[in-house]
Amino acid sequence: MTRHTSGRGGSRLKTWLLGLLPLAIVALAALGFAVLDGPGLTERNGPPAEELVVERTTLAAGSIELVVRNAGPDPVTLAQVAVNDAFADFRIGEPVIGRLGSTSVRITYPWVDGEAYEVALLTSTGGVVGHEIPVAVLTPDPSGFIGLMALLGTYVGVIPVAIGMLWLPWLRRVPPGWIRTLMALTIGLLAWLAIDAALEGMEVANEGAGALGGAGLVGIGAIAAYLVLSGVQAWMTGRPGQQGGHRLALLVAVGIGLHNLGEGLAIGSAYAVGALALGATLVVGFAIHNTTEGLAIVAPVSEERVSALRLSLLGLVAGGPAILGAWLGAATTQPALAALLLGLGVGAIAQVILQIAPSMRDGSGRLLHPLSITGILTGMLLMYATGLLT
């Protein structure tokens, strides 16, 4: 018995050693290549490859502060700063910015509210990196972000979703045949949210450093969210007493919540740079747009009993992330993070759509029939029309 056990242990150890052998050879080869400074390779010709990306702009009285990241392969040294073709005094945290490193550049300049400015960052090699400030406005004080962003997230996330969930009593009184159409309407709503999040994620990713992943982060986030939610759905299916409608409603709420997280992030970022007017029209527009999300949450449970507590939790799961997103967006502007979060929303919504799709089959088992097609198109048009108000 002992001899058999030791034999199995030796075989397992040998298997691990064989698996680690190629990795060890690669590590030793890379170490030797680095120590010998790339033997056999000629020095690169031409100037250094310099690529700077401005990730955040903060305007205070008499100063402009930029957070700059080096997205290129070579270190970059900032030598001069010019604003509207005039050299300006500046202070920099780290004069030499390494690959993927970031630093803050504080420029002393008497900017005027409402004016446009072009900031030029001049490197030691003579390269010029331009950054445009379309409209100069004072950056809000971060000390007031928490309360204001919580209020804004509640206005555009929690309250509209809760109002939309009030359609549940009406859904329980409509003919059973309507439910299939309403589920198709839900898919149309979610499909529009996924398309919107994907396009916004691509746009945000292109504003950041491509070396950090760029638009690929949207795909990574989407795949990760899809796989995680698929695992959660499989786990919930195997639990005893877990009703299908409740499970679908939770998945819809999670998908919408991840979308609202990205939406809150965009709102907070826009407010942080002074590009968001917190007027009544904007709040009303977002409220109407997001009210339809509440309908998508309660549609799966229209034929099942559900407590007020469960409905409240579903509303918080769907609308609450808008508050968290607004906090994150106001506190830090990181395009790579925003792209990843928006990608999470895309993947989550795609998984939810696949779970809801079977519920709109007709008596012949067809997935696409006149009523389902009408519902999907109506849902997308509804989201488009209400989106015009934001």
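The backbone N, Cα and C atoms fix where each Cβ goes, and this holds for glycine too.
Per TrEMBL, the features are:
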type	residues	note
TRANSMEM	16-36	transmembrane segment
TRANSMEM	145-170	transmembrane segment
TRANSMEM	182-199	transmembrane segment
TRANSMEM	211-232	transmembrane segment
TRANSMEM	244-262	transmembrane segment
TRANSMEM	268-288	transmembrane segment
TRANSMEM	309-330	transmembrane segment
TRANSMEM	336-356	transmembrane segment
TRANSMEM	368-389	transmembrane segment
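Long-range contacts of the transmembrane segment (244-262) within the same chain, counting only residues at least 6 positions beyond its ends with a Cβ under 8 Å from a Cβ of the stretch, are 157, 161, 186, 190, 193-194, 197, 200-201, 225, 229, 232-233, 236-237, 290, 293, 296-298, 300-304, 306, 310, 314-315, 317-322, 324-325, 338, 341-342, 344-345, 348-349, 351-352, 355-356, 359. Within the chain carrying the transmembrane segment (368-389), a Cβ under 8 angstroms from the stretch's Cβ atoms is held by residues 177, 180-193, 196, 281, 284-286, 288-289, 291-292, 360, 362, all 6 or more beyond its ends. Distant neighbours of the transmembrane segment (211-232): 51, 71-72, 99-100, 198, 201-202, 205, 251, 254-255, 258, 336, 339-348, 350-352; these residues of the same chain sit at least 6 beyond its ends, with a Cβ under 8 Å from one of its Cβ atoms.
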